[in-house]
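J.: For R210, K234, H306, R309, H332, the entry in Swiss-Prot reads active site, with the evidence type sequence analysis. What Swiss-Prot lists as active site, O-(3'-phospho-DNA)-tyrosine intermediate is Y341. Feature annotation from Swiss-Prot assigns domain 'Core-binding (CB)' to 16-121. Here Swiss-Prot flags 169-354 as domain 'Tyr recombinase', drawing on sequence analysis.
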Amino acid sequence: MKRDLLLTKIEEYKNIMPWYVLDYYQSKLSVPYSFTTLYEYLKEYKRFFEWLIDSDLSKAARIADVDLTTLEHLSKKDMEAFILYLRERPSLNTYSTKKGVSQTTINRTLSALSSLYKYLTEEVENEHGEPYFYRNVMKKVATKKKRETLAARAENIKQKLFLGDETMAFLDYVDKEYEHKLSNRAKASFRKNKERDLAIIALLLASGIRLSEAVNLDLKDVNLNMMLVEVTRKGGKRDSVNVAAFAKPHLEAYLSVRKDRYQAEKQDVAFFLTAYRGLPNRIDASSIEKMVGKYSESFKIRVTPHKLRHTLATRLYDTTKSQVLVSHQLGHASTQVTDLYTHIVNDEQKNALDKL
């Protein structure tokens with residue numbers, strides 16, 4: 001979703017929310033939570049409050065009037081009834097006969113509610129320095145996570161990684177071959193953003209930064225002499241991330257055309273720009289997702305920017321055999337998250353041995 005549209009949607013949801021949700025929104029914006037995350041959470045709150053009113057658990061006539069005491073006194077059975085409602089209600093997709101929503105969606109809903117309840121019962125302060133209330137019913141609600149071994153996850157994901165020579169082959173494909181498959185009109189559009197697109201893909205493959213971190217990069221955050229980028233990690237922590245040397249020519253090529261191509265002025269501090277109605281704007285996450293999907297599908301298989309992050313992590317572990325180094329590169333506090341890459345690399349080594 002385009003940033004302007006996203007912010008418009010957020011304002012629409014804020015206009016119907018209770019005051020304490022607006023407090024929550026302001027607090028999380030300062031962390032900072034991404035606008036995308038806050039938008040998804042506001043959608044979940046709307047669905048939850050509508051259910052409270054429809055189920056007569058709140059006497060409010062509208063969402064904005066659902067009071068704190070309603071949330072404070074909800075029982076574990078009430079929350080379980082809401083989960084059952086999610087599981088069994090007709091799908092909102094007109095073309096689907098499936099009932100309910102996926103477990104992933106339910107988990108996202110519960111995550112949003114858990115975040116709100118934690119804020120109301122632990123983080124916020126009233127005029128006496130105390131939370132609004134203390135009873136957190138969400139701590140009693142169990143979530144069901146998708147069960148999948150690391151080996152199974154590694155098997156599913158490795159086909160969507162550009163390992164070995166495929167990393168450079170993918171960049172070369174976008175640089176030299178992709179446009180030959182396009183119409184003349186499509187070629188013009190491709191050439192307009194070619195340097196930028198290659199710079200984005202190269203940076204993701206060479207650093208493993210998250211999509212949101214790439215979107216939020218400013219010019220001051222990129223040091224091509226040191227091959228470092230400064231990013232804001234989850235939780236609002238700033239971090240310096242090393243970038244592999246192969247990305248440098250692509251980043252330099254983009255910077256050489258950035259000002260003239262996108263009509264960038266001094267106030268346009270975003271590193272990656274897009275032109276909208278002739279004006280420079282920070283590129284948004286959905287545009288990068290579509291761009292990466294388009295190029296990767298033409299090359300081999302459609303992947304997301306997050307798979308490019310996995311690609312970097314797997315290649316780095318394959319070279320160093322250090323989970324600590326990989327976890328630092330990705331911005332993880334623990335090496336547990338990097339266990340996946342050991343399984344992928346071990347599978348690749350086994351496949352190589354089988355070919356001897």
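Positions of Cβ are set from backbone N, Cα and C atoms, glycine also.
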J.: Nearest of the active-site residues to R309 (active site) by CA-CA distance, picking from R210, K234, H332, Y341?
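T.: Looking at Cα distances from R309 (active site), the smallest one goes to R210.
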J.: For Y341 (active site, O-(3'-phospho-DNA)-tyrosine intermediate) and K234 (active site), what Cα-Cα distance in Å is obtained after rounding to a whole number?
T.: 21
J.: Given the active-site residues R210, K234, H332, which lie within 10 A of H306 (active site) by CA-CA distance?
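T.: Taking R210, K234, H332 one by one, the ones whose Cα falls within 10 Å of H306 (active site) are R210.
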J.: Far apart in sequence but close in space: which same-chain residues, 6 or more away, have a Cβ under 8 Å from K234 (active site)?
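T.: Non-local contacts for K234 (active site): R210, G331.
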J.: Minimum Cβ neighbour count within 10 Å among the active-site residues R210, R309, H332: which residue?
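T.: Sparsest of the active-site residues R210, R309, H332 by Cβ contacts within 10 Å: H332.
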J.: If H, G and I count as helix, E and B as strand, and all else as coil, what does DSSP give for H332 (active site)?
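T.: It is coil.
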J.: What counts of helix, strand and coil residues does DSSP assign across the domain 'Core-binding (CB)' (16-121)?
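T.: Its residues divide into 72 helix, 2 strand, 32 coil.
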